[in-house]
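Annotated in TrEMBL:
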type	residues	note
DOMAIN	174-338	domain 'GTP cyclohydrolase II'
BINDING	R217, L218, H219, S220, A221, Q238, E260, G261, R262, T282, T317, K322	GTP binding site
BINDING	C222, C233, C235	Zn(2+) binding site
ACT_SITE	D294	active site, proton acceptor
ACT_SITE	R296	active site, nucleophile
Amino acid sequence: MPLAPSITERLARARGDLRMGVPVVLCQGEEAALAVAVEALTEDRLADLRCIGRPELALTSRRAETLKAQVYDGDVARLAVPDDLGVSWLRAMADPADDLRQPMKGPFLCLRDGGAALHRAAIQIAKSAHLLPAALLVPVPNGAEAATFSNLTLIDLREATPALAEASAMHEIVSARLPMVASEVGRVHIFRPENGAEEHYAIEIGQPPRDKPVLARLHSACFTGDVLGSLKCDCGPQLRAALAQMGADGGGILLYLNQEGRGIGLANKMRAYSLQDQGFDTVEANHRLGFEDDERDFRIGASILRRLGFSSVRLLTNNPRKIAMMEGQGIAVVERVPLKVGETPQNRAYLATKARKSGHLL
Ligand SMILES: Nc1nc2c(ncn2[C@@H]2O[C@H](COP(=O)(O)OP(=O)(O)OP(=O)(O)O)[C@@H](O)[C@H]2O)c(=O)[nH]1
Ligand SMILES: [Zn+2]
């Protein structure tokens, strides 16, 4: 059909739909279901969905672990939704904010018949839309989806699964000169991924030659640390120290990757901060929300470096995973340059947790 959107375009649309509380249609072979993000669900929409079929709640196994719900599908749990419970119950299942005050009491009816592919895909799209990783699915009769729900975004997993797994191509949109405190010779490059997700920035300090290892930093966005001067993390001081070191060295490249909150988005990071105020550490907070400790896709940084013509780096980091990921993506890390700045009484425990649980080098 002319002008028919591609699977990548439909996935971008699906992310917007889920954020707006609009259901999307997921299908694979014989199975089809309407899926909606729990976070954006309204009572009216839930009532409409109940007229179509019996809703099932999809959660990650991380969230299920906190709720003590049985998981039969590896990384995904499927739960029946009792007829007499509505949006507030679903929200409380998805969002751990009140877990301590009002523990969610089972036993839950955890589903084991049928497959979990549609549930897994719904969670994956919700995560990429930076929503809580929880979705409500209503199975619909096989074949009904195309005709009956033609006004909704249709995602066929045969196409979507590879599209979701592959790294999106990056295009440089524009670059412009920017004199900075760190170096008067500076340039900002804006990269836009083909999949409609966030743009990322590369900040070139000086004019580093492409045929030698470049002093490089992969910095993940931290609104609270970079902009507000949060004392809970070391991101702001690390950002400024990396730029200063590149200025002093006569050149470097800093990637400012919009992977806020280690890839979960700012709203979810603030949810994690609330949990940290309840006594959970940075890793436990992510898990209680249903996320892994680190949801970043480090292929993005490697792809931008390649686009800029760099293949070998002296990497400013304390995170061994970043080194492994760069090497795995064909960027040679000839040296790790430690970046130890900005320890405060408020972030000491956070840094210790990263060292103990996430393997960061002290
Ligand atoms: N989810 C979550 N994200 C956090 C928390 N504190 C900081 N962040 C995010 O963590 C990311 C910081 O990552 P980086 O500065 O790349 O740090 P790193 O992976 O520890 O590696 P290096 O700094 O290179 O050693 C930013 O996206 C922050 O927003 C937290 O408690 N929870
Ligand atoms: Zn930070």
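Here the Cβ of each residue, glycine as well, is placed from N, Cα and C on the backbone.
Annotations in TrEMBL come from automatic prediction, not curation.
Structural mapping of features recorded in TrEMBL.
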| residue | record | Cβ neighbours (10 Å) |
| --- | --- | --- |
| R217 | GTP binding site | 27 |
| H219 | GTP binding site | 22 |
| A221 | GTP binding site | 21 |
| C222 | Zn(2+) binding site | 23 |
| C233 | Zn(2+) binding site | 20 |
| C235 | Zn(2+) binding site | 20 |
| E260 | GTP binding site | 21 |
| R262 | GTP binding site | 20 |
| R296 | active site, nucleophile | 20 |
| T317 | GTP binding site | 23 |
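Within 10 Å of E260 (GTP binding site), counting CA to CA, the recorded positions C233, C235, D294 contribute nothing.
Apart from the site residues C222, C233, C235, the chain places the Cβ of S220, T224, G225, D226, S230, K232, D234, G236, Q238 no farther than 8 Å from the centroid of the site's Cβ atoms, the recorded Zn(2+) location.
Rounded to a whole number, the C-alpha distance linking T317 (GTP binding site) with C235 (Zn(2+) binding site) is 11 angstrom.
In the three-state DSSP classification, C222 (Zn(2+) binding site) falls within coil. Non-local contacts of the residue listed as 'active site, proton acceptor' by the CB criterion (under 8 A, 6+ apart in sequence, same chain) comprise R262, G263, R321, S358. The shortest Cα-Cα distance from R217 (GTP binding site) to any of the recorded positions (C233, C235, R296) is found for C235.
Here the candidates are the recorded positions C233, C235, R296. The one whose C-alpha lies nearest to that of H219 (GTP binding site) is C235.
Look at the residue listed as 'active site, nucleophile': DSSP puts it in coil. Residue pair A221 (GTP binding site) / C235 (Zn(2+) binding site) shows a Cα separation of 8 Å.
Site extent for GTP: the farthest pair of Cα atoms among R217, L218, H219, S220, A221, Q238, E260, G261, R262, T282, T317, K322 sits 22 Å apart.
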